């Protein structure tokens, strides 16, 4: 792989808790400011726009590009799902049951958005028109966290406190699959081109591969304290992830080869991660910056 060039873009203040990031087809990066109570947009020309949210403490967290090409995001404290149009027009969809604390969100093969309810022990599904369905999980206190669309047509999710992953669809009941390590504390999840799922295990500092046959392979990182958090797949077969506890961005190939890239400033606290249409990797740093990683020719 070519050398990696890292560039940082200031988009917020440290006290605003920059958290999630997503790319839309127009090349823009959208991000959440969990304590700034706003959604931001970094345009391809470098301009930064902010869209304040109506709740005083909505806590926008995870964000994704929906099937309609627009950014969709969860508001954990406001108990809602939000959607923004390119011109900043906002729509909010409150969840049917209070204090569900939605967190992870991802587009599904069915043209809907699926989200995890941390405190509700449920997975939710919302159409682009705002119709919501909820599905109870068979595990209580599992802390459903992040979502990903699998190549098998199912939606997959992590259960942070249960040390497990699960699958679901609108017609298939939820199934739960324990991971190999009791202290895994899985957070991020992504699917590769071969149909395998890759899981960021924050608890034991490892990336796990869950293949189509249900086999689990664990790849320990350089430190158990690395606390891998979010993970995303690129078109070249690599999985990129944030190491919240180690101040790095990590990469693992489908063969299990690991690499890591140190961030410029100590204590950057990387959280969300996304791949843009050009194949560049973007991560959200709690210091109020987005960092872009792109391949550069060798010297």
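Quick reminder: no glycine exception, Cβ is built from N, Cα and C everywhere.
Feature annotation from Swiss-Prot assigns active site, proton acceptor to 271. Non-local contacts of residue 271 (active site, proton acceptor) by the CB criterion (under 8 A, 6+ apart in sequence, same chain) comprise 18, 19, 20, 229, 230, 242, 244, 283, 284, 285, 286. In the three-state DSSP assignment, the secondary structure recorded for residue 271 (active site, proton acceptor) is strand.
Within 10 Å of the C-beta of residue 229 (substrate binding site) we count 21 further C-beta atoms, all protein chains included. According to Swiss-Prot, the feature substrate binding site maps to 229.
Just so you know, the Cβ of residue 286 (Mg(2+) binding site) picks up 20 other Cβ atoms within 10 Å once every protein chain is counted. When secondary structure is read from DSSP and collapsed to three states, residue 286 (Mg(2+) binding site) falls in the coil class. The annotation Mg(2+) binding site is assigned in Swiss-Prot to 269, 286.
Secondary structure from DSSP puts residue 229 (substrate binding site) in a beta strand.
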